[in-house]
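Undergrad: Annotation source Swiss-Prot lists active site, proton acceptor at 168, 287. Taken from Swiss-Prot, the feature substrate binding site applies to 116, 166, 170, 288, 320, 372, supported by sequence analysis. According to Swiss-Prot, the feature Mg(2+) binding site maps to 194, 196, 197. Positions annotated as N6,N6,N6-trimethyllysine by Swiss-Prot, on the basis of sequence analysis: 7. The N6-carboxylysine annotation in Swiss-Prot covers 194 and is backed by sequence analysis. Summarising the annotation, Swiss-Prot assigns site 'Transition state stabilizer' to 327.
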């Protein structure tokens with residue numbers, strides 16, 4: 001006999017893992033899952049299955065269960081609520097004991113919580129909507145290399161959003177031509193330029209050549225403008241060793257910031273790079289390439305607010321967070337919800353903005369949200385109002401598409417931003433008077449006037465796919 005109390009066979013998950021009377025602990029990691037069970041599967045069983053399969057459970061009773069304390073280690077589905085307006089869809093709340101997770105490892109946390117359970121047959125679909133990271137777990141992470149305040153101090157830039165530009169065409173330029181475009185944009189008044197996320201080290205432009213020409217552009221623009229400038233040098237590579245080699249070379253060149261694609265590169269690589277950046281005084285810009293594969297479907301996958309929280313733990317000083325007004329997906333309330341999760345120290349539960357749990361980040365620095373994708377000078381008042389000062393506004397085509405060239409495109413964006421910040425500080429309503437503010441500024445800035453003329457008809461108006469219930 002394996003053990004006296006052992007009874008072989010399959011038993012319902014809800015007998016062990018559905019515990020509505022459970023009182024959550026301050027140290028538990030809490031998860032809110034949107035569960036769509038298969039027909040005939042009751043929500044209690046579905047919620048319990050999620051808790052089991054993402055913690056200690058498996059499909060049958062095993063005698064080694066008797067060798068440990070399941071009550072101490074199991075995940076528990078402690079609350080279930082139907083989703084309003086949806087048939088057979090439920091929000092299931094699961095509590096995980098902290099001992100299930102390795103300290104300081106987003107990789108391990110995700111392997112458990114969003115691992116095999118997402119392929120589970122009893123569920124038609126499953127989406128992780130939000131996580132509550134307890135302070136005791138948060139304190140095991142370094143988090144962002146520097147954070148918002150240290151970045152402002154390094155750059156000596158206060159009281160306004162920062163301006164960026166992604167260099168286009170994203171692929172095909174030689175390193176010297178690329179560096180020239182960087183110089184022109186920085187010289188015209190931008191704070192940053194950016195490697196596109198898919199610029200790594202391709203045959204037409206090897207990484208080392210790009211780094212050298214971009215560094216030259218930065219130093220030249222700094223000398224001419226008296227402002228600190230940066231270019232997000234993409235260190236993403238095929239191996240962690242190669243990624244670190246690129247980051248080290250960037251530091252040797254004396255540039256202020258590097259960049260990483262954190263989802264395609266992976267959380268382990270990202271956390272290593274973030275640690276290096278803090279130790280060596282480099283800022284870290286994070287691109288979220290591949291996020292929509294994970295977060296765009298409303299009933300399956302993982303919401304971006306979870307990916308944003310994971311990034312704050314893993315480490316990054318900037319992250320792309322949608323624009324609300326440009327060409328890429330992002331509903332206003334939802335976007336502002338995870339923008340607050342990135343920047344603020346303490347965020348109250350607020351279901352109207354998709355925030356399922358109160359989150360306390362204790363001592364973790366904040367992350368600057370980056371608005372990028374299909375934005376131009378006419379969007380500047382809305383962006384300034386929506387995102388406030390602690391943000392990076394990135395105009396790729398909206399700089400390089402200027403009819404007079406790159407530097408005048410940068411001038412137009414800087415003038416528009418300064419005009420919006422000045423108007424806001426004078427108490428004007430950017431939402432209502434935005435167009436007028438831009439028109440007034442364009443009277444004394446021919447560069448802005450030309451930009452206004454080119455983009456006056458451009459709109460990206462489609463319904464957001466991911467909306468609040």
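A Cβ is built for glycine as well, from the same backbone N, Cα and C atoms used for every other residue.
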Undergrad: For the recorded Mg(2+) site, enumerate neighbouring residues of the same chain (Cβ within 8 Å of the Cβ centroid of 194, 196, 197, site residues themselves excluded), in sequence order.
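TA: Filtered neighbour residues, in order: 166, 167, 170, 195, 198, 199, 232, 234, 259, 287.
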Undergrad: Tell me whether residue 116 (substrate binding site) sits in a helix, a strand or coil according to DSSP.
TA: helix
Undergrad: Among 196, 197, all listed as binding-site residues, which has the most CB atoms within 10 Å of its CB?
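TA: Most Cβ neighbours within 10 Å: 197.
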Undergrad: If you count the other Cβ atoms within 10 Å of each Cβ, which of the recorded positions 168, 170, 287, 288, 320 comes out on top?
TA: 287
Undergrad: If you count, for each of the binding-site residues 116, 166, 372, the other Cβ atoms lying within 10 Å of its Cβ, which residue has the minimum?
TA: 116
Undergrad: Using C-alpha atoms only, work out the spacing between residue 116 (substrate binding site) and residue 168 (active site, proton acceptor) and round it to an integer in Å.
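TA: Each residue's Cα considered, residue 116 (substrate binding site) and residue 168 (active site, proton acceptor) end up 39 Å apart.
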Undergrad: When DSSP is mapped onto helix/strand/coil, what comes out for residue 7 (N6,N6,N6-trimethyllysine)?
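TA: Where residue 7 (N6,N6,N6-trimethyllysine) sits, the three-state DSSP reduction gives coil.
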Undergrad: Check the recorded positions 7, 194 for other C-beta atoms within 10 angstroms of each C-beta and report the one with the most.
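TA: When each Cβ's neighbours within 10 Å are tallied, 194 tops the list.
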Undergrad: Where does residue 288 (substrate binding site) sit in the DSSP three-state scheme?
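TA: The residue in question, residue 288 (substrate binding site), is coil (DSSP, three-state).
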Undergrad: If we check Cα distances from residue 194 (Mg(2+) binding site), which of the recorded positions 166, 170, 287, 288, 372 wins as closest?
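TA: Of the recorded positions 166, 170, 287, 288, 372, 166 has its Cα closest to that of residue 194 (Mg(2+) binding site).
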Undergrad: Find the one among the recorded positions 197, 287, 288 whose C-alpha lies closest to that of residue 168 (active site, proton acceptor).
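TA: Its closest listed neighbour, by Cα, is 197.
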